[in-house]
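Undergrad: Quick one: this structure, given as structure tokens, is what I'll be asking you about.
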Amino acid sequence: MVKSTSRLALISTLFISLVNATVPGSSSANEINQTQKKRPPYTGGALYPQATETRDLRTLDGIWNFRKSPTDPEYGYRNGWYEQDLEKTGPVIKMPVPSSYNDVGEDVSLRDHVGLVWYDRRFYVPPWWLQNGQRVWLRFSSVHYAAQVWVNGKLMAYHEIGHLPFEVEITKEVYPNASNLLTVVVDNTLLSDTVPQGVIKDTIIGNGKVRQEQSYTFDFFNYAGIHRTVFLYSTPQLYIDDVIVNTDIQGLTGFIVYNITHQGTPSPDNVECLVQIFDKNDSQVAASHDCAGLIEIGNANFWWPYLMHPSPGYLYTFKASLIGPNGEIVDTYNQKVGIRTVTWSNTSVFINDKPIYLRGFGMHEDSDLRGKGWDPVLWVKNFNLIRWVGANAFRTSHYPYAEEIYQLADEQGIMIIDECPGVDTDIFSKSLLVKHKQSLTELIRRDKNHPSVVMWSISNEPRSANRLADAYFGEVVRHVKSMDLSRPITIAISQTYTTDKSAQHLDVICFNRYNGWYHATGSLTTITNNVVDEATAWHIKHNKPIIMTEYGADTIAGLHQMPEYVWSEEFQVALMSEHFKAFDKLRQAGFFVGEFIWNFADFNTAQTIIRVGGNKKGIFTRSRQPKASAHHLRARYLAVAASDTGTAPPDSLYISDNRSKLHEEL
């Protein structure tokens, strides 16, 4: 366990690592123009855009123009599609941003498209931004999988790896009093050295025509497009580039260790920093005049998980300001801060030095029509359901989610195991390692300040029995620890404890196993012992805390069959109950720290004969309606939460007063 007395010293060494960490760039064979895309690795976009006294903010969300590329990926480049409006060079369709493009149309070729697509729209820059000498920035919160961006015909940015943001300054390229053309080309192809990996196959379909087909081993649909908000925002010429915070607790006192970095002109030599800490009532509780330092808050309100404290998710506002030589405010940025610590031993994980037990889900960014597109209505509903069930955590399986989701988790005290896009990692090449590390560099830069993030997951179900996995994941873990020592590192492992070669590098061991479904389908009698035996074996071998991160059964809502039978709601409930028995035994063993059912809600997959309209392991349908299993899991999670806090479980539906019938005898 990392002791409190040493955490401040450890934290102070992280800032230089986090600011400077990067991974050398490499080329890949996806279809975006090779010459134009060779750029240094992306290192910006650490701060979520916001409007302040010194910054303004717009979004470019809405209806864009859209066109699929012909089979020849160079066709659009040769014909200058980025130099003028797409509608002037041929037919376009309307495409909402944010969304995945796959399910928006009625054309199967669009849903299953492999290769390039083109987007464009026009936008205006508020003239007062440029008149006041503001910098103009364009930020994409997520484009999957790779993207090139042009402004007024000039190539401005290239980014590879979906689910992570990138931004570029466009001040010199925009017109102050006219519309500006924004063009984006998106490439969804996955290859052996992309994160995640895939395979492209050319199929001859007649008349000499070739169709590209994408295959991959992961069990979710490879949705593509501009998935999250596109921001247009301004900053001063001299601006805050990043804010890094970490926290510690000693007794009732909270500590915020911070570092503010700034970029730009004029020379920052005469610039000072002002830091102000405000509580939830907007009362200032602390301040500092240094750009890096330690702030102490007496009788602090700590950040606690949901159902672990009467006021979960308490957040302070950390206001960072750059102050000029004449006392003027040059730039400001507001960062939410939750004062909490995460520590771990060989048997436990602790929040604020109290042991935690994670009750949660695997999830997906997936919904009808939108695909993986960010939708605030959907995610507010998701969080309402998470709390209703009594969960306190979820894993971002199997990629980073939208930043707004982490903000909701911060506010509501829901813990997150934050997972990079490395799903089913295989063929452990040097080029893949470079991109895998780069994905974690960008992930940690983006999510480092979220108190809800309590663990980094560096892969899901890698082929870790491969002898190359040992050195590969050893290198990935060292890279993560060079950036952040304040959170444990894990992998959701599907290999057995006898063959896996990755677990020795981890702080917490997570394993996925589908007893009664993929293994011994339909059999419930061996589940409890199998789960207990495997979790115990993992702990005996590695002497580390254990979490079961996936178990479950596909279930068709409304299908009932007694006695219980696979695909029925009764079978899903029965399978869960056998796991609950195992979890209760493991909770008493002292090293088991969490249970995550797969999955929160049904989701789309590639077409296969083992999937009926997608993966149906959700306890909620894709439209977020409960199956019987949702009520069953709710009773479980609320009872476990009550037992861990020493309180009575909340009232459920009335059943009985447990009194015998009154008899009035003559």
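Yeah, the Cβs are placed from backbone N, Cα and C, and that goes for glycine too.
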Undergrad: When TrEMBL marks a stretch as region 'Disordered', which of 26-47, 70-91 is it?
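TA: In TrEMBL, residues 26-47 carry the label region 'Disordered'.
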Undergrad: Take the domain 'Glycoside hydrolase family 2 immunoglobulin-like beta-sandwich' (239-340) and average the pLDDT across it for me.
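TA: Average per-residue pLDDT within the domain 'Glycoside hydrolase family 2 immunoglobulin-like beta-sandwich' (239-340): 95.
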Undergrad: With helix taken as DSSP H, G or I, strand as E or B and everything else coil, how many residues of the domain 'Glycoside hydrolase family 2 immunoglobulin-like beta-sandwich' (239-340) land in each class?
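TA: Reading the DSSP string over the domain 'Glycoside hydrolase family 2 immunoglobulin-like beta-sandwich' (239-340) gives 3 helix, 59 strand, 40 coil.
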